[in-house]
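A.B. asks: My questions all concern the structure below.
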Amino acid sequence: METVYDFFAKPINPRRFSGVKIALASSEQILQWSFGEITKPETINYRTFRPERDGLFCAKIFGPTKDFECNCGKYKRMKHRGVTCEKCGVEVIQSKVRRERMAHIKLASPVSHIWFLKSLPSKIGNVLDLTLKELERVLYFDSYIVIDPKNTDLSPMQLLSEEAYQEARAKYGSDFEAAIGAEAIKALLDKVDLEVLSTQLREDLKATSVEAKRKKLAKRLRIVDAFAKSGVSPSWMIIEVVPVLPPDLRPLVPLEGGRFATSDLNDLYRRVINRNNRLKRLMELKAPDIIIRNEKRMLQEAVDVLFDNGRHGRAVTGSNKRPLKSLTDTLKGKQGRFRQNLLGKRVDYSGRTVITIGPNLRLHQCGLPKQMALELFKPFIYYRLEQKGYVSTVKSAKKMVEREVPEVWDTLEEVVKEYPVMLNRAPTLHRLGIQAFEPVLIEGKAIQLHPLVCTAFNADFDGDQMAVHIPLSVEAQIEARVLMLATNNILSPANGSPIIVPTQDIVLGTYYMTKTIEGTKGEGVVFSGPEEVVAAFDSGTVGLHAAISVRINGKLYDTSVGRVLVWEVIPQQIVPVFKTIHFSAKKEANSVLAEIKRGASFVDMQKKHGDESGVDYERAMKKEDMITEFGLSEADADYLFSLKEGECSDIIGISDGYRLFKLAGYRSEIPFEMVNRPLGKKAIRELVDGAYRNTGLKSTVILADRLKDIGYKYSTLGGLSISIDAMVVPEKKWDIIKAAEKKVEEIANQYKEGLITQGEKYNKVVDIWSKATDDIANEMMEAMRTDAGTPTGRFNPVFMMADSGARGSKDQMRQLAGMRGLMAKPSGEIIETPIVANFREGLSVLQYFISTHGARKGLADTALKTANSGYLTRRLADVAQDCIITEDDCGAMMGVEVEALVEGGEIIERLVDRVIGRIALEDIRDPFTDEVIVRGGEEISERHLSVIENSGLTKIWIRSVLTCKSETGICAKCYGRDFAHGKLVEHGQAVGILAAQSIGEPGTQLTMRTFHIGGTASRKVERAEIRARVDGFVRLGDLKLVENAEKKLVVMNRRGGEFTIVNKAGREVEKCPVIYGATIVVKDGQDIQAGDVLAAWDPFTTPIVAEVAGTVKFGDIVKGKTMQEMVDPVTGKSSQTIIDESRTHDVRPRISIKDDENKTATLPDGKSKARYPLPVGAVLLVEENDTIRAGDVIAKLPRATTKTKDITGGLPRVAELFEVRKPKEAAILSEINGYISIAKATTKKGKQKVTVAPVDGGEPREYLIPRGKHINVYDGDYIRAGEEIVAGSANPQDVMNIRGDVALARYLVDEVQEVYRLQGVTINDKHIEVIVRQMMRRVKIKEIGDTEFIDDEQVDRQRFEDTNREVIANGGKPAVGEPLILGITKASLATESFISAASFQETTKVLTDASIAGKTDYLRGLKENVIMGRLIPAGTGFVEYRKAAEK
């Protein structure tokens, strides 16, 4: 029997096709698609609302407007399916065909397609070798073009004006062919032979060496090749038939009052039809040529406007003065088809409402309002009611639900039970912005959210809204439960630290209860165990804050009652600790066991033998963990757990060899030490982290929930509140301010005497006040801390809130009770005068005014930056969206070398933090004992960290995404650990999107930060000295030093250098980088203590130091030309500054130092002369003929004034790095190792020539340095490749060319990390590496060899290697390419998938280029698949794709 379903067309399975091809359509093809020609501009009859025949909505062409009903009403119902009505000609069929059927308009005269004309580079122009201007003159009927000159002396494709054409006709008659308009262009395109043209262009390319010409030829060749390969004929770019969109995609809706709402496209089509009909009529009437030409031009313009309004001439506007939306506009931009409808669909089974807090929920639950659940789960309820026999039809079920009888609510409870729902809070910046929960039905109209997931959602309860979505299919429910349930997402994917961490009130509660107060009831009592403490506390014998002693797990601890109460809620398990040795051969295992039985120490054997020798392999493990980790049988595990403490096991066979175990002892999974301290935010985070690492997921979730409960309980009992007395102003505040004012006055005097410049004064003053503010803040914290233990036993609540990390920050407290400090102007500069008052004392009018300045900036910043940050995230997601883990191991032999991130002598990130969770490339060995710490190919995990740190390793080779050899995607070994779960990454994980989210999410958070501090300037006090961090001896090494008049050593290395500190064993323990001009206050070999000052410098100027003694002589320093004497209006003192005013190019301001014989002195190295070129902006500190000593400063260069360092400076910097833009003041880097020589004379343009001559006598490199730039090197210096000749930010392309692509990648990773580090945000390196890998996927062709490539073409690295492999196999010459780095926007647009690129940016250009090349999109990325409506090839969709491929 047929079912109703059989009558309908079945939807095609979206996996049935393997790709999407796009190409330019010919007129024949458009006619094939069409269901009829539209000849009338009418739309619908306004009285009957029926479509007019042959009009834009014609039912005969497009199908009926009502299901199975013809236009005149003769045939109705489904029984006439497929009949065509003889009266009105309409087929009886579903009305939805009006969404699919196209029509066409036959044009009376061909027109050009504006995309192929105007989208740069112009496709028509490049095929014909005409400029856009020339083409437009022909197409818009301004000039004739010669098609075939035959025997005349006209040249082919020559443009003729109206007069010239008439003259030529008069002169030659019909001996030549010329035409005007699109017909002419079509005739020319028809004549083009692509094969011949392509060959000719390739020959021309080989023959020319002019760069501009080569570029132009390559561009033409690219377009001609695309046409040739795809089989698209260039003449199809001229349209003879315009396709018409199906009518339901450009609807016309009647409104009340007889008006209509219509899509703009209808107006645009109407204009085309009207003009086309008028042109037909004029041609039939044989109207004068000039009228017909005008009408043809108007038709061309009408079609242009239909395709892309505003591209040519002024945009056509509708009745309400806004431009009409053309076909291009419906695709483009955020509101276009791609982003609005294909990537951002709205979904059913969803709802949204306000959120409130649900403090009594468990972590996997959320409170769902009953009314909402009833609406969302309706179909399920109908089904369940029917099942239970309450109703028999859906209709009666509907009625029953509408009446809301009690049975309905019971049914709802059953349906909702254990059915996961997804909650989402916009903006969803990372994957934790959508999580699944089990709903608990509640009264009221707000969703209740568990407080611990607020961090992940970035939610608060000041009116935020959240959306609920219901996973419908069983698969979706499983995924929601297994992958998305809140309890399965405890760690942050960005850095692996827990993200489900108690905050705010909970922290306040735990902090309050774990603090001790002297003199509390029951102080000093000793208890035998935690149970006793709890009993005593319950009976009121001891107070919460009493300091007591307790025996826990056999050890006596000094602790407090509150801490024992916290310890009691922690899920505890006592587990055995095993030491173990792994052997691959049984023989070796037997001999070791025999030795141990003879009395040898197990630890010694562990270090000597086994595959992991050198690792003190000791683990506390549960039985099930032992079974899974070592591959033991149940029986073996039981045997091990029956051992006595200190006993050694027999040899146990496991999956990959043999093991010996020794039971070393027992311990609780979470040691009491973790709780035995005041539990602030940081301590609690460590506790949760430790719980996750040691006890696994389940216990951690229980712990988090219990901490939440106890935290809320005690923050309520503690009842902390703020009073004005709690804001203690430190007594020393005014002393510190007076001292600072005195220093500022000194600096003002120095400035008045002309010793320092305006810029230096500003910098120093800002520095003094920054330091004073910090000092006051520290004093204030101390004052409040001591206040916390006052005899009355009261805590200082403000201090507690900040110290525990529950609310507010040290910064905000400083403003309340310290001093507000320096404020920033909107430009980012810092105002010199600080606000010395705080909020408790109150601000004066002036102070208040200054502070509003900065606060407003904060607000404006926030608004602007959020958009910027969102855009950065979008570009990142786009470039990395097809990065998926596709295989286990790509077999790469390469990796990257990682060292600790050091800035200015400070370790910003330790080596172990950078390598954790990565795979070792080769064996990591202890540099002293040569023992293996980690085997090559093994993951560097937590247990290796202390060993690596103690071994003194400074560099480690690891596998990296940057060197992964996988053809598509990335392999698991090169990626390493998946931070969200703490184990090796799984196949199909979309690591690209993960990386984009991890980098983009903090960006948005950081922009919000200025908003909360309220405009006070945050600035690090500039470092001006190096202090030793450890005891040891100084080794100055190969620093170039000169002793100055004060007998101190001055560093003369122009590019800076470093000295080291070694410990007693001669091991290097610290590196101290110093800058040029720094004075070193210690001697070589001197014994130093931690905290000693080793070197100092002026942080605000770069000095120029004389290396020899003698007499000063000026060269080319002429007042008014190269030197300006400025009298300071404030001080009346004059200073001499080098300027660049002279119009002649051959002046080089310099200072020479003459010896006693009045010759230029020779430097200590005996080669170079003592000449010092002076850059623009240098301030002279000596006069001519002064006598100076070695080490004296002769001139100084002020550094830029400091602006506030915040993410505002940071986000644009991150964007600049990811877009690989050339920095404004780019550094000039040496490309080779060699010796410097600086030419005396300058070039014609006044540039200075610096030559680097290689040691081995190869080709020297020359660099032209612009006038007035400070050269970082001296004549005769040795310089390494990649070092700076002129300082500045490095241009990424230079770094790549000189030091290679891996070095560049490391450079980008470190630079991006620096920005985020400043803000205290941790992102793992691998996320940035994934993005950088995507930016480096292209190769620029340098030599084409025997391949099809074109010079300077950018091709995908994979395609490049494949093509070369083929060419070599056929005995040809491969192409040569150089690695290329593209910015993220360029890289996204250069992806192989045109669907992805078109939905990103420049839609028109991408589609135009793809359609002439006949590109196929094989749907490998995520975005293409979402747009095509398929499952994404990642995660659970990944395996399915693999299966499909294998079939």
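Cβ atoms are placed via backbone N, Cα and C, with glycine included.
What Swiss-Prot records for Cys70, Cys72, Cys85, Cys88 is Zn(2+) 1 binding site. What Swiss-Prot lists as Mg(2+) binding site is Asp460, Asp462, Asp464, and the listing cites sequence analysis. Residues or ranges marked as Zn(2+) 2 binding site in Swiss-Prot (evidence: sequence analysis): Cys890, Cys964, Cys971, Cys974.
Show me how these features fit into the structure around them.
C.D. replies: Cys70 (Zn(2+) 1 binding site) is surrounded by 25 other CB atoms, counting those within 10 A of its CB over all protein chains shown.
When secondary structure is read from DSSP and collapsed to three states, Asp460 (Mg(2+) binding site) falls in the coil class.
Taking Cβ-Cβ distances under 8 Å and a sequence gap of 6 or more within the same chain, the neighbours of Cys971 (Zn(2+) 2 binding site) are Ile885, Thr886, Glu887, Asp888, Asp889, Cys890, Ala892, Cys964, Lys965.
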A.B. asks: Could you tell me which of these binding-site residues, Asp460, Asp462, Asp464, has the fewest other Cβ atoms within 10 Å of its Cβ?
C.D. replies: Asp462
A.B. asks: State which of the following binding-site residues has the fewest other Cβ atoms within 10 Å around its Cβ: Cys85, Cys974.
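C.D. replies: It is Cys85 that, of the binding-site residues Cys85, Cys974, has the fewest other Cβ atoms within 10 Å.
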A.B. asks: So, in DSSP terms, is Cys971 (Zn(2+) 2 binding site) helix, strand, or coil?
C.D. replies: strand
A.B. asks: Here's one to test understanding: among the binding-site residues Cys85, Cys88, Cys974, whose C-alpha is closest in space to the C-alpha of Asp464 (Mg(2+) binding site)?
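C.D. replies: Nearest candidate: Cys974.
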A.B. asks: If you count other Cβ atoms within 10 Å of each one's Cβ, which of the binding-site residues Cys72, Cys964 has the most?
C.D. replies: Cys964
A.B. asks: What count of other C-beta atoms do you get within 10 angstroms of the C-beta of Cys88 (Zn(2+) 1 binding site), across all chains shown?
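C.D. replies: So the number of other Cβ atoms within 10 Å of Cys88 (Zn(2+) 1 binding site) is 17.
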A.B. asks: Helix, strand or coil at Cys85 (Zn(2+) 1 binding site), per DSSP?
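C.D. replies: Going by the DSSP assignment, Cys85 (Zn(2+) 1 binding site) belongs to neither helix nor strand, so it counts as coil.
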A.B. asks: Roughly how many angstrom lie between the C-alpha atoms of Cys70 (Zn(2+) 1 binding site) and Asp462 (Mg(2+) binding site)?
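C.D. replies: With the alpha carbons as reference points, the distance is 57 Å.
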A.B. asks: Which one is it: of the binding-site residues Cys88, Asp460, Asp462, whose Cα lies the shortest distance from the Cα of Cys974 (Zn(2+) 2 binding site)?
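C.D. replies: Smallest Cα separation from Cys974 (Zn(2+) 2 binding site) among Cys88, Asp460, Asp462: Asp460.
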A.B. asks: Distance between Cys72 (Zn(2+) 1 binding site) and Asp462 (Mg(2+) binding site) at the Cα atoms, whole Å?
C.D. replies: 59
